[in-house]
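One structure is given below, encoded as structure tokens.
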Amino acid sequence: MAEAAAADVTRWGLSHLAAAVAAAAITVAFIGIRSYLRERGDGWLSAVGLALVVVGNTLYAVLPGMEFSALAAHETGTDIAAAQDALQPWFISVLVSGSVVFAAGTTLFAAAIVRSAPRGRTEALLIAAALVVFGFSRVIPIGVVQFYVQPAAALLALLPLAAEISAGGRQRASVVAGPE
């Protein structure tokens, strides 16, 4: 990784900043999903799931910050590989703990969706399965899983929920506005 960081430090920095921003966006998405599920009668599953997702995502967002050590080492002319080696035990600890906590949170959300969401059983199970895959894909630090499986599972889970939440919001707005 040291070579990749040294080859294009701007790209390295921007991609890691984007990863941290994406973690924040995921947190916001789960806050919206929690509100939606609460309106549909979910009690504790998504509430505890939200807490776990927020903690797991916060730890996950710390990882790109740790990777900025490569940029600092490059800028100061020190050994990039040595800086990364020094952080590796911390990086692994934060990665594993954040990923496991996030996976537990997405699993609770999956259970809440199957129990509370007003959709067909097949669709609910598909969304729930995608949430579980999304959560557990963070535990597997392999590029293919991180760069392809994780985003695909996130989209498969979150886009149908976003569409359903959006449709519900439009329906509520038309009821509030009343007939014209």
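Just so you know, glycine gets a Cβ as well, placed from its N, Cα and C.
According to TrEMBL:
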TRANSMEM  12-32  transmembrane segment
TRANSMEM  44-63  transmembrane segment
TRANSMEM  90-113  transmembrane segment
TRANSMEM  125-149  transmembrane segment
Request  = For the transmembrane segment (125-149), find every same-chain residue at least 6 residues outside the stretch whose CB is under 8 Å from a CB in it, and list them.
outcome  = 56, 60, 95-96, 98-100, 102-107, 109-111, 113-114, 117, 119, 156-157, 160-161
Task = Go through the chain and flag residues at least 6 beyond the ends of the transmembrane segment (44-63) whose CB is under 8 A from any CB in it; none is fine as an answer.
result = 19-20, 23-24, 26-27, 30-31, 33-34, 37-38, 91, 94-95, 97-109, 111-112, 115-116, 138
